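If you check TrEMBL, you get these features:
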REGION    84-105  region 'Disordered'
REGION    165-225  region 'Leucine repeat I (LRI)'
REGION    244-309  region 'VHIID'
MOTIF     275-279  motif 'VHIID'
REGION    325-357  region 'Leucine repeat II (LRII)'
Amino acid sequence: MKASQQPRSSVMASRVYHQVKQEVEPYCFPQFPAIDRSLCNSDTSSGSHFSVKNSSEHYCALVSSSAYGSYTVYNSSSSASFSPNRSFMSQQESQSYPSDLHHSPDNTYGSPISGSCITDDVSDLRDKLRELETVMLGPDSDIIDNTISPEMDSWRLVIDAISRGDLKQVLVSCAKAVSDNNLLMAQWLMDELRRMVSVSGEPIQRLGAYMLEGLVARLASSGSSIYKALRCKEPASADLLSYMHILYEVCPYFKFGYMSANGAIAEAMKDEDRVHIIDFQIAQGSQWVTLIQAFAARPGGPPHIRITGIDDSASAYARGGGLNIVGKRLSKLAEHFKVPFEFHAAAMSGCEVQEEHLLVRPGEALAVNFAFMLHHMPDESVSTENHRDRLLRLVKSLSPKVVTLVEQESNTNTAPFFPRFCETLNYYTAMFESIDVTLSRERKERINVEQHCLARDVVNIIACEGPERVERHELLGKWRSRFRMAGFTPYPLSSLVNATIKTLLENYCDKYRLEERDGALYLGWMNRDLVAACAWK
């Protein structure tokens, strides 16, 4: 049908569409492709919608004012902010950092957006969109549907999300803009997000503050410079250890993992006289306290236990020293419970471990523990050395009696940026909600726990790529494939372990759930699996 023959409503719709398009473009809206919302749905969050609070409660974050790495600190009265080197500082320490972008001949987009160029006119723009929709709903609306749907629908989605205070949707829209290299849209949404996030707010606001920082860092830098720029000002080692202990106590994730692994080891070693445990990432050695006590109470007497503890410098900082601290602590404990004990320290990264470092001896029953560790090992997508699978083949060659695996149930290893962002948002929303029921929002300890124990992981997943992205989680289904390829077969977990963990969870919120399926145990928050544990031989 020619234009002159089109129905009157269709001609009107076309005219209104182009009028709205011309009036919308000055609002800084570049073309924004439609978002696949199915990637980002989560039923775990109860706080993704909220009323946006006034500016005195805004999170003060450093953001990039262009793709070239210039920065401005936006002042507010919040208690914390990020400095240009990504260090957390008090508001009293916060100050403005002038940007050379104002004077740069390469400045494509002008000075940083200091206020919203959208929200002041949200009502006007939404009225125009409704006017367009009214015309489109006529009998001939199908003629122009294909012309306006993707662009206008995406704009309406973003505007509505901001007006409703739907922080989760605004974060997703911003990540989509970053993924599409849509810099104008990304910068505008970052400015809006700064008004919505808060390190002392609801769970989604607190998580949003750190996810926003990850998006800023991703735009501002690339390659090896990102992770160095992300490093928050490290607390004193004693303080960091204290924050880690608080997280260990207020959430059952670590206790669940350690109890699951210890139960499998105790079951496998119940008739052994000499036991060698290789722990890849022993950290503080806390996992082995209860196992030593359990072996001490074994009918017929305890076995001789030798632990090889592997760990790198990151844990050494939190400990305040080397692995000898762990060895002395466990040796003293074993002596108290009259358990014959040896400790062997292997201060190195898992990537460096070779068979000669493990000192395997004949006549010892071997157990190998991978608790919250293997996801740090680069796989075939990062390096041809593929240390993730290399370690599994190495361990299998030692003929262990049992191998335990505990990992976060999340898919962030090889996923492209945008689905990886959505997965991280959904996963950590559940985790931040679980913290919220135990630690009040006013407690300084909660901010420190989230900042120093969780935020850096979140930012690393979002901002980094290649070898610099060290947080590379996989779902248990993928881990199963790796273990089977290395020659392992499943080792069933004892029903006693399941019952013990159920007793543990009675001390926590009833929103935690424990599920056993396919020979593995899953700990979740509401309907989201967070940690999975299984054993192999």
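Along the chain as shown, the residues are counted starting at 1.
Using the three backbone atoms N, Cα and C, a Cβ is placed for every residue, glycine included.
Taking Cβ pairs closer than 8 Å, the motif 'VHIID' (275-279) reaches residues 265, 269, 285, 287-288, 295, 303-310, 358, 360-361, 364-369, 371, 395 in its own chain, all 6 or more past its ends.
Residue counts for the motif 'VHIID' (275-279) under DSSP, helix first, then strand, then coil, are 0 helix, 5 strand, 0 coil. For the region 'Leucine repeat I (LRI)' (165-225), the number of residues in each DSSP class (helix H, G, I; strand E, B; coil) is 45 helix, 1 strand, 15 coil.
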